[in-house]
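What follows is a short report on a single structure.
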Ligand SMILES: Cc1cc2nc3c(=O)[nH]c(=O)nc-3n(C[C@H](O)[C@H](O)[C@H](O)COP(=O)(O)O)c2cc1C
Ligand SMILES: CCCCCCC(=O)C(=O)O
């Protein structure tokens with residue numbers, strides 16, 4: 001099935017309020033639209049007579065050597081989308097040989113997510129996405145939970161000093177999870193009675209110092225997610241980040257920022273000689289993966305399409321999305337004369353309408 005067909009199937013399957021939560025963005029959804037549209041502005045300039053019969057798309061990322069430069073970006077509340085929720089996504093990602101990022105707001109606790117990934121691959125790569133808690137002991141408890149579960153890296157999301165105003169959710173009155181669903185990682189944390197949950201508060205008072213303290217509390221590599229400004233990418237590396245994810249949260253935070261891919265070259269210029277730079281936002285086809293890699297990304301994250309697959313077909317649906325992206329990417333790499341990811345280089349990018 002094509003990604004478009006899976007999107008349509010997800011729309012037919014899901015409660016419209018939950019579909020809106022998945023599909024929507026902040027404000028007038030300008031950034032959401034631009035993330036996808038921006039990829040149309042980049043074209044690939046193939047090289048010829050330099051390819052090979054088979055290609056090696058493997059990638060080395062912090063805490064993970066995987067078979068394709070695609071990462072399942074953290075998306076909250078999978079059990080709203082399919083009864084098997086995060087477990088289905090984890091099995092699919094592990095079976096397809098890609099990193100899965102599960103998160104603070106997952107509806108399955110991180111140990112269950114890693115356990116499910118191990119059903120498909122005894123040595124999976126599951127990263128844990130962390131919203132830093134204003135109380136450091138809560139952040140630390142979440143870090144220990146991820147370490148104990150077997151996560152191989154942490155991802156700290158820094159683009160959410162306050163929660164974005166998701167227009168569709170506000171219109172729909174979708175402000176809380178329905179009964180029977182919870183952000184399970186927030187259960188039994190310090191300061192809460194046994195068995196109870198605590199909130200995931202956003203705090204604009206968090207700083208690079210808090211990020212640095214998180215890096216120091218673990219031996220796992222810590223990536224930072226949600227960087228657009230090259231100066232922040234440099235600060236992230238100075239404070240110990242093992243990788244930088246260029247992201248505007250899929251157009252769900254500030255509705256006046258550039259498309260993620262347009263921010264990639266400056267961040268690559270700032271730090272890619274020191275740490276891997278990843279990108280997410282608007283990746284919908286294998287050629288988008290190739291463009292991002294040619295612009296200097298080590299890998300791309302994919303958010304909504306994975307959840308379309310999950311809603312439409314559970315584990316098989318997620319595998320269909322990841323398999324399609326991998327096949328299209330491999331095909332594009334072949335068409336560009338590449339043998340491996342690093343054969344895609346910046347000189348192979350032209351901007352639509354510009355001469356070079
Ligand atoms: C439904 C949904 C939930 C999300 N939840 C989180 C989250 O809990 N933590 C986080 O860091 N990013 C979250 N994101 C942002 C994604 O990780 C990612 O940045 C974004 O989806 C990429 O854009 P794409 O959907 O166009 O691929 C979420 C995105 C969506 C669509
Ligand atoms: C206060 C609950 C936090 C959920 C965060 C989910 C998210 O990041 C999103 O974009 O939605």
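Using the three backbone atoms N, Cα and C, a Cβ is placed for every residue, glycine included.
What you are looking at is a predicted structure, and each value in this text was computed from that prediction instead of being measured.
A coil conformation is recorded for residue 249 (active site, proton acceptor) in the three-state DSSP classification, outside any helix or strand. Within 10 Å of the Cβ of residue 249 (active site, proton acceptor) there are 24 other Cβ atoms, across all protein chains. If you look up TrEMBL, you'll see 249 marked as active site, proton acceptor.
What TrEMBL records for 21, 131, 249, 252 is glyoxylate binding site.
What TrEMBL records for 74, 75, 76, 129, 157, 225, 247, 280, 281, 282, 283, 284, 303, 304 is FMN binding site. With a 10 A radius on its CB, residue 157 (FMN binding site) counts 23 other CB atoms from all the protein chains. According to its DSSP assignment, residue 157 (FMN binding site) is in a strand.
According to TrEMBL, the feature domain 'FMN hydroxy acid dehydrogenase' maps to 1-354.
Of all the binding-site residues listed here (281, 303), the one with the fewest other CB atoms within 10 A of its own CB is 303.
Close to ligand 2, meaning a Cβ under 6 Å from one of its atoms, are these of the binding-site residues 74, 76, 157, 247, 252: 76, 252. Within the same chain, residues at least 6 positions away in sequence whose Cβ sits under 8 Å from that of residue 283 (FMN binding site) are 39, 289, 292, 300, 301, 302, 305, 325. Spanning the residues 74, 75, 76, 129, 157, 225, 247, 280, 281, 282, 283, 284, 303, 304 that the record associates with binding FMN, the maximal Cα-Cα distance equals 22 Å. There are 20 other Cβ atoms within 10 Å of the Cβ belonging to residue 76 (FMN binding site).
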